[in-house]
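*Asks:* Here it is, the structure in full.
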Amino acid sequence: MIFGNGIDAQEIDAVAKIAERRPRFIDVILTPAEKVIYNDKKGKHRDEFLAGRFSAKEAYSKALGTGIGAAVSWQDLEILPNEAGQPVIVKHPKLDQLIAHISISHTGNAVHSSVILEQIEDLGQVVSIHRPAWIEISQQALQHNVNYIRELTNAKRFFAVVKANAYGHGMRPIVTAALAAGVDGFAVATMDEGLWLRNYGVDLPIMVLGVTPAEDASILAEYALIPVVTSKSWLEAAKEALQSADCLTVWAAVDTGMGRIGFRDAEALEEALTFIEEQSQFRLHSIGMHFATADSENVAYFEKQLQRWQTILADLNLADTVLLHVANSGTALWHEQPSTDLIRVGAGMYGFDPSQGALKQRELEPVLSLKTELVHVKQVPAGESISYGATYTTQTTEWIGTLPIGYADGYARALQGMRGLLPDGRSVEVVGRIAMDQLMVRLPGEVPVGTVVTLIGQVTNETITLGDLADRMATIPYEIATSLSARLPRYLVD
């Protein structure tokens, strides 16, 4: 998770003049180890080194959100070259909490620095790997879904949508599985999610679907992220934020009826595209839109949006390299593709049915399973109440089992009355109110502690889906999946 980012630029000659007038300036800015390197350098290289450290430390303080002062001083930060000669922040105040990614570049008389601070994994959110409750991610199911949707659509490019912690499935297992499945790129909601992918080692194209502040344009360019453009004014502001050597690849969103973001008429879009074409610092990757009702039985609004899309694009003179994309999962699964350049697939890749049974069933396989184990089993006589509020009372002598999972893990209180599955496929009902960390189930008899209970997933011929939980809560599978908390470890299987 990205904690903060900061950029800074300094004139090398200006920093050198300060050092010449005030020799103590060097001792203030550089640590003893940095000063050894500085003293070994000569002439312009020495000035570049000093200006680079000065600029990078300023960038760090901006990323931390404090500025240089009481929270962080010049001497608190030490930047030394690694074995490859690249600068690395080897000392900083939050070393145990934050990973610092640094970039220092020189252009003529200017030095540019960028620092991104990434929280060490799960800072402030413990992943309970020693508790028997976990999520399994099926690599085989994801591979099947990618292949199936590719074949169904004839799409030339498949972009995996991994926003919101990969729809709650976990970025690491999903990105690993998606890369193995041969996806052509990724789509995220925020710049920080894109930065995470780059730091994870992803070198495929990454589209940012949500609007990013224009002042972050230089960071977007440095990490080769493809932000969405929704107005010419955003482009103008981004141009001011870009360094002279930057080139930012963007995509333009068209609002044909989703009512969220994007250009609403051809004139505004064409004006922005002309601006992109005239600026050497921009390149147009694609133009896209989003259907609001692609997963609905009523196709009238879908067709209305499609007509608006075609009208807006009709008079545009686009280069052959500009991609067109309109297909979300609903469009990919149930409609003839208006464009096969690129599809953006989230729900379908995870095995969701976006229509929740309203449209023709597709051959998708659920990727996520939620499992836990019995940690306590007891026989309870008739007339005893279970859990908060005494909302459930045993009618006869019953076997009650306790599972170490609760609403803090995303298994909501409203799911009282849902079922789980024993290894032989028999059902167990959730009884009593679901607590923060535990819930109880009524067992068919005495069942050993340590027995696995599946709360989402398939056992023998029995299946509990995200859709089943969504129906119980009068919501959609997306909300259930994205509510599964970081406390649950995610494991890639098969």
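Cβ coordinates are placed from backbone N, Cα and C, and glycine is handled just like the others.
Copied straight from TrEMBL:
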ACT_SITE  Lys163  active site, proton acceptor
ACT_SITE  Tyr388  active site, proton acceptor
BINDING   Asp8, Glu58  Mg(2+) binding site
BINDING   Arg260, Met436  substrate binding site
DOMAIN    367-493  domain 'Alanine racemase C-terminal'
MOD_RES   Lys163  N6-(pyridoxal phosphate)lysine
*Asks:* Using a Cβ-Cβ cut-off under 8 angstroms and a sequence gap of six or more, which residues of the chain neighbour Asp8 (Mg(2+) binding site)?
*Replies:* Ser55, Ala56, Glu58, Ala59, Lys62, His112, Ser113
*Asks:* Tally every other Cβ atom lying within 10 Å of the Cβ atom of Met436 (substrate binding site).
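*Replies:* Looking across every protein chain shown, the total is 11.
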*Asks:* Please work out the number of neighbouring Cβ atoms within 10 Å of the Cβ of Glu58 (Mg(2+) binding site), leaving out its own Cβ.
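*Replies:* Looking across every protein chain shown, the total is 21.
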*Asks:* So if I draw a 10 Å sphere around the Cβ of Tyr388 (active site, proton acceptor), how many other Cβ atoms end up inside it?
*Replies:* 12
*Asks:* Just checking, which of Lys163, Arg260 (recorded positions) has the fewest C-beta atoms within 10 Å of its C-beta?
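*Replies:* So among Lys163, Arg260, the recorded positions given, the one with the fewest Cβ atoms within 10 Å is Arg260.
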*Asks:* Could you state the CA-to-CA distance between Lys163 (active site, proton acceptor) and Arg260 (substrate binding site) to the nearest Å?
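*Replies:* Cα-Cα, rounded: 17 Å.
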*Asks:* According to DSSP, does Arg260 (substrate binding site) sit in a helix, a strand, or coil?
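*Replies:* For Arg260 (substrate binding site) - judged by DSSP and reduced to three states - the answer is coil.
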*Asks:* Translate the DSSP assignment of Met436 (substrate binding site) into the three-state scheme.
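*Replies:* Met436 (substrate binding site) sits in coil per DSSP, no helix or strand.
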*Asks:* Which of the three DSSP-derived classes (helix, strand, coil) applies to Lys163 (active site, proton acceptor)?
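*Replies:* Looking at the DSSP assignment, Lys163 (active site, proton acceptor) belongs to a helix.
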